[in-house]
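Undergrad: Structure in structure tokens, see below.
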Amino acid sequence: MLKQKTLKDSFSLSGKGLHTGLDLTVTFNPAPDNHGYKIQRIDLEGQPTIDAVADNVTETTRGTVLSKNGVKVSTVEHGMAALYALGIDNCLIQVNGPEFPILDGSAQYYVQEIERVGTEEQSAVKDFYIIKSKIEFRDESTGSSIIVLPDENFSLNVLVSYDSTIIPNQFATLEDMHNFKDEVAASRTFVFVREIEPLLSAGLIKGGDLDNAIVIYERKMSQESYDKLADVMGVPHMDADQLGYINHKPLVWPNECARHKLLDVIGDLALIGKPIKGRIIATRPGHTINNKFARQMRKEIRLHEIQAPTYDCNREPVMDVNRIRELLPHRYPFQLVDKVIEMGASYIVGIKNITANEPFFQGHFPQEPVMPGVLQIEAMAQVGGLLVLNSVDEPERYSTYFMKIDGVKFRQKVVPGDTLLFRVELLAPIRRGISTMKGYAFVGEKVVCEAEFMAQIVKNK
């Protein structure tokens, strides 16, 4: 299984804040396992920390603003996108003001610094949320929508549509996060000339200029109005009849605006709190719908906190019944594992098919057959035993004996025709032949029982 990652070392970036115009420095630091993303305002008394999760987003007008107990940090999305796309799970971010510096309006400097300091693998397993069915969020008032579909990896398709002759419908896609650096990171934020005066009047974009945003002039205005706006922006006067991009830097890609919207989607969905395996299809996305979708995903995750393993009956098993018989001393009717379909250093997934011919159904119960709970635990324990035996050389010469079982819960009946899917994982490294494990049994997507085990590996006499 993939492990969590953090930075090998800290790095800092400095620049103007897009909306405040303040000189700001943000520092990204390594963080321990299961820390997640946290942002610390080191300029305030007590240096308060905000969890970087969608539930703490309070404003989305022209960027993503996180708030907690009156403490705010804005314009976080580009830094968050870089962390998420490069697979960083745990990071403490310190900033000396109310927003991240805008830099050049893209995520490329974050990516460069992450690559410079490097990343390191941690002990904890990366906790993916696997999309198993379509999830959709629509905003009928704007025509925006975000859909996520099952997929083996995280990928995105983004469509933007504006009432503009300069930016027609644009499409951007990212099939693999490994391509984020080359295909997305350098895409810059953008603004329409018609939006600049209202934004300035609202006290925003005080640090905006042609070096940190693409500025698009697509609706003709009078030369006088255009000259006044140029004076406010601090740029030379230009011909009001000449529509188009007014930046002195050329576009990185013809569809740079769509690519930047894709970057923003990644940054906002990083606030879900877990990496996703699924394909995102976003139509006319923006920070508002991105955040609403991220909140919906957090609710989905809470509802399905324990996910059943994926079972593909066409894949070759890791262990078939014959190999299991070589490792476990159990025999009919007490060999209760049919096959192992997945196994890593710290986890295992096994299967027991429940048929009407099971001998225990003769007495439990003849008129309403139900698999005894103690046998469900026995089957789970056998799967865990296979995991533990996998940690030693010549496993055929060892047996596993269980010393303690705790936290047993039965949630649903198991009946003939069910397929029991077991997932057992180590809670700590095996020490001196002693292991502690947590196991879940599923029928379909539902947890039917769970338990914790302590076991000892003993060499056979």
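Yeah, the Cβs are placed from backbone N, Cα and C, and that goes for glycine too.
Since we're looking at a predicted model, the values are computed, not measured.
Dumping what Swiss-Prot says about this protein:
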REGION    1-302  region 'UDP-3-O-acyl-N-acetylglucosamine deacetylase'
BINDING   His78, His260, Asp264  Zn(2+) binding site
ACT_SITE  His287  active site, proton donor
REGION    303-461  region '3-hydroxyacyl-[acyl-carrier-protein] dehydratase'
ACT_SITE  His364  active site
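Are these features on the surface or tucked inside, and what touches them?
TA: Computed over the region 'UDP-3-O-acyl-N-acetylglucosamine deacetylase' (1-302), the whole-number mean pLDDT of the model equals 94.
Within 10 Å of the Cβ of Asp264 (Zn(2+) binding site) there are 25 other Cβ atoms, across all protein chains.
In sequence order, Thr60, Thr61, Arg62, Gly63, Thr64, Glu77, Asp264, Asp268 make up the list of same-chain residues 6 or more apart from His287 (active site, proton donor) whose Cβ falls under 8 Å from its Cβ.
Proximity of His364 (active site) to non-local residues of its own chain (separation of 6 or more, Cβ distance below 8 Å) is seen for Val370, Met371, Pro372, given in sequence order.
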Undergrad: Cβ within 8 Å of the Zn(2+) site's Cβ centroid: which residues qualify beyond His78, His260, Asp264?
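TA: Output for this site, in sequence order: Glu77, Ala81, Gly105, Ser106, Ala107, Ser187, Thr189, Lys261, Leu262, Leu263, Gly267.
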Undergrad: Are there residues of the same chain, six or more positions away from His260 (Zn(2+) binding site), whose CB falls under 8 angstroms from its CB, and which are they?
TA: Ser106, Ser187, Arg188, Thr189, Phe190
